[in-house]
Amino acid sequence: MAGGTLYTYPDNWRAYKPLIAAQYSRFPIKVASSPPEFQFGLTNKTPEFLKKFPLGKVPAFEGNNGFCLFESSAIAHYVANDELRGSNNRLHQAQVIQWVGFSDSHVVPPASAWVFPTLGIMQFNKQATEQAKEEIKTVLGVLDCHLQTRTFLVGERITLADITLTCSLLWLYKQVLEPSFRQPYGNVTRWFVTCVNQPEFRAVLGEVKLCDKMAQFDAKKFAEVQPKKETPKKEKPAKEPKKKKKKKKKATPAPAPAPEDDLDESEKALAAEPKSKDPYAHLPKSSFIMDEFKRKYSNEDTLTVALPYFWEHFEKEGWSIWYAEYKFPEELTQTFMSCNLITGMFQRLDKLRKTAFASVILFGTNNNSTISGVWVFRGHDLAFTLSEDWQIDYESYTWRKLESDSEECRTMVKEYFAWEGEFKHVGKAFNQGKIFK
């Protein structure tokens with residue numbers, strides 16, 4: 001085996017994947033995670049590093065013979081042995097890829113949204129956290145059902161599927177999955193504990209203790225962490241004004257390059273896009289401030305604060321409320337897959353967020369579900385028809401404008417925004433919801 005070097009920062013859960021895989025395959029791998037070999041935030045921004053790894057992200061792997069790999073799952077696949085990849089069984093190989101993709105798409109995003117605020121890495125958002133909890137419940141439910149008659153995810157031995165999902169669930173189990181939360185998912189916890197106690201896992205992770213009490217957002221910890229990130233930006237302009245107090249004209253352009261330097265490639269690409277025409281430019285200014293309502297909805301109680309605010313400030317002359325129902329319920333199978341339809345639509349409609357709000361709900365169970373939602377748009381036309389940027393997935397739904405003063409509209413807004421109520425028009429129980437804001 002040629003071996004190679006893995007660049008990362010200490011305790012990077014993504015780096016655990018290739019490191020555990022290397023324990024099983026006996027692949028010789030050197031870890032560079034501290035000076036002078038590697039310092040995160042400095043080394044990964046140098047021209048030499050970016051030439052090898054253009055995104056500047058870690059973990060990143062450089063083989064002893066000079067080739068380079070990025071993305072933790074790809075690195076783990078490379079350093080693994082055939083058994084971890086699914087042996088010579090094509091079905092097992094496909095199933096390993098399936099669970100690795102499942103981990104990246106369905107576990108990591110909600111896990112990050114829930115756990116990061118408890119670590120002081122991210123600001124707390126009540127609505128995002130509650131939504132993440134519901135998504136994690138769905139994920140754990142899928143895994144629990146699959147593991148009911150299985151020791152491991154694929155076949156009879158540990159594979160990259162087990163390694164990847166264990167690493168993705170690691171911080172959940174360490175920070176927030178307290179006993180009462182994880183109790184309904186006993187098969188998952190049994191499997192997780194089995195994995196982390198394997199010698200190859202313990203060599204990388206050490207002893208893993210499951211949390212006793214769900215960690216909460218710590219404002220003090222967040223305040224301590226955040227200034228460290230901002231320090232480089234503050235130091236540059238602080239020095240320049242002292243030298244250029246009398247030169248007012250030259251002082252203003254000096255800091256200009258800094259924001260551009262801070263943009264990653266995707267942000268630069270977005271900044272370079274031509275500006276689209278505003279479909280609502282012809283409408284008079286509205287007194288209803290959508291962003292303010294979204295703040296209320298995200299951070300305050302829905303029934304006692306957000307909804308009263310909505311109806312107090314909603315301007316029916318400049319805004320409209322629509323009911324949408326998915327046209328093809330007979331095609332909906334697994335509930336987590338149905339939720340992907342909603343999430344995918346939301347992601348592709350990012351340019352509509354500024355002037356819209358929606359609560360879309362999945363009702364029912366596996367192979368017997370429906371999707372419907374309530375949307376709020378600027379103006380009185382169906383928003384999707386007004387811009388090419390917005391013409392995404394909306395034709396898969398039937399749309400009906402609601403009369404904002406009607407009892408039907410008031411009831412629907414209350415039930416869909418609060419995710420609770422009788423939902424008499426649906427005839428199925430609430431499963432889970434998604435918010436577009």
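The backbone N, Cα and C atoms fix where each Cβ goes, and this holds for glycine too.
Here Swiss-Prot flags 2-87 as domain 'GST N-terminal'.
Confidence across the domain 'GST C-terminal' (89-222), taken as the mean pLDDT and rounded to a whole number, stands at 92. The domain 'GST C-terminal' annotation in Swiss-Prot covers 89-222.
Residues or ranges marked as region 'Disordered' in Swiss-Prot: 225-279.
What Swiss-Prot lists as compositional bias 'Basic and acidic residues' is 225-240 (among others).
Annotation comment: Swiss-Prot describes 241-251 as compositional bias 'Basic residues'.
As annotated by Swiss-Prot, compositional bias 'Basic and acidic residues' applies to 266-279 (among others).
As annotated by Swiss-Prot, domain 'EF-1-gamma C-terminal' applies to 276-437.
Secondary structure of the domain 'GST C-terminal' (89-222) per DSSP (helix as H, G, I; strand as E, B; remaining residues coil): 98 helix, 0 strand, 36 coil. Helix, strand and coil counts from DSSP across the domain 'GST N-terminal' (2-87) read 34 helix, 15 strand, 37 coil.
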